[in-house]
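Asker: As listed in TrEMBL for this protein:
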TRANSMEM  41-63  transmembrane segment
TRANSMEM  75-96  transmembrane segment
TRANSMEM  126-149  transmembrane segment
TRANSMEM  155-172  transmembrane segment
TRANSMEM  184-206  transmembrane segment
TRANSMEM  212-234  transmembrane segment
TRANSMEM  255-277  transmembrane segment
TRANSMEM  289-315  transmembrane segment
TRANSMEM  327-352  transmembrane segment
TRANSMEM  364-382  transmembrane segment
TRANSMEM  394-414  transmembrane segment
TRANSMEM  420-444  transmembrane segment
Amino acid sequence: MKKNDVEKIARVVIEIEESESETRFPFRFRKRLLELIKNKGNYLGGLFLVSSSFIGNVLNFFYNAFLGRILTFEHFALIGLIGGLNSFASIIFGAYTNASNYKSAFLIGKYGDGAGFSFWKYSRRLGIIIAAVFTLIWFIFTPFLTQFFDAETPWLIILFGLVLLVGLAKGADRGLISARLNFWGLAILNLFDPLIRLSATFLLVFLGLKFWTFSAIPIAALGIFIIGWILVTYKKNDKDFVGQEKEINRFPFKFYGVSVLNGISSTAFLSFDILLANHYLGSLEAGKYALFSLVGKMIYFLGGLTTPFIIPLLSRLEGARKSSRKTMIYIMGATTLLALIGFLSFGVFGFYTVPLLYGKKAIVITPYLIGFSFGMMCYTISKVLVNYYLVKKVYAFTFATSLLVVLQFILIFFNHANSASIASVMSIVWTLHLGLSLSFHIYADKIRNLENYILVFFKLRKI
């Protein structure tokens, strides 16, 4: 295999891991991990991981499409609610995965696999203890949360507590599997998560328990919790590392905090609106908005097919001190084309395609799909610019666009009469996201200089 192909595979593997954990690795750790993957030579496993990510997304589509067709809006609102809660919790879990991955990989490189295994035992135990405390608090507030989110049943809140209970431990498992560069193991996790969810949903529907289909997400979480533990412990030669206990039994909370902050803004634009819809709207309107969100994510997924290549290709050019502007334009053009196809398919022609995918009940949202789909298309395109300047270490783009999350909350607070109202708000926010990104792009040099002056003044960057 050519050296260039090896590096491309390694970069795409890292991009997929960041996508799964919903956070970005810090630059220095990303660079070290890239070199480690290239030197390890596990290319076949890397290719399998890339394939499993694509197959997993296809299975997720079938899961959502199946539920969209068979459930009423009231029941679909429950799916949207638990899905939104799961996305929000993924910020916490994903950051724990990244921190565990970082520390495990560091210890394996310094002391060997036994040190990484010992840290895994510590981080998994720590995760279970922390999660148990938060889950207990979650259970105590079940009546309040049921009312706050206007859920039809408290069992949704109770069952989601199981997701919280195992989430950090799952992160520790995935962190060690990733640190060992066990791409086959990561691929198994990527495949089995949607597969268990889809299988559980089919079984519940077959048994006439459509109302309980929301429980497929906690069932999948428990399944991955068990599979991850098996993948970590199946090796017969795993032994605890003796010595350096002080270094091993210390969790990198600073790294964890940075990872949490990195994951908040992107998740907010795609998940917080669902939680707010469930809070402000009745179950019927919340179900309609969950369907709105599902259509939007289809456009985001289609336009996001270029995502695994954005940072890898641009980072490589930046590292070689070559201009990455031309490559960015090509990627942005491809993203725009794919997002435009999604907009035309599910926005302009949504009156035909959306009811075909999700049943006749979806007709009620079709009059509003053009505006909503246009907004999602804009947001999908703007992410290319945000990532481009993230690679160039101009962080003002990420900071400025993240402030739109506050605007999102304010506008929904004042405009939540029905699902169409919240859909209009999100369309405005997503369109502003592109407008702000383009404005910053036009004045990028001035913004970069201003950012440098500020960082140097506060001694956060050297001259």
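Glycine too: its Cβ is placed from the backbone N, Cα and C atoms.
Describe each of these features in terms of where it is and what it packs against.
Answerer: Beyond the ends of the transmembrane segment (126-149), by six or more residues, the same chain brings 81, 96, 156-158, 160-162, 164-169, 171-172, 251, 275, 278-279 to within a C-beta distance below 8 angstroms of the stretch.
Counting residues 6+ beyond its ends, the transmembrane segment (155-172) has Cβ neighbours under 8 Å at 21, 78, 81-82, 85-86, 89, 92-97, 100, 120, 123-124, 126-128, 130-132, 134-135, 138-139, 142, 145-146, 149, 214-215, 217-218, 221-222, 224-225, 228-229 in the same chain.
Residues 17, 20, 45, 48-49, 51-53, 55-56, 59-60, 62-63, 66-67, 70, 174, 177-178, 212-213, 215-217, 219-220, 223-224, 227-228, 231 of the same chain lie 6+ residues outside the transmembrane segment (184-206) yet bring a C-beta within less than 8 angstroms of a C-beta in it.
Below 8 angstroms of C-beta separation, residues 295, 298-300, 302-306, 309-310, 313-314, 317, 363, 366, 369-370, 372-374, 376-377, 380-381, 383-385, 388 of the same chain, each at least six residues beyond the ends of the transmembrane segment (327-352), sit close to that stretch.
Same-chain neighbours of the transmembrane segment (420-444): 269, 273, 276-277, 280-281, 289, 292, 296, 365, 368, 371-372, 374-376, 378-379, 381-382, 385-386, 389, 394, 396-397, 400-401, 404, 407-408, 411-412, counting only residues six or more beyond its ends whose CB sits under 8 Å from a CB of the stretch.
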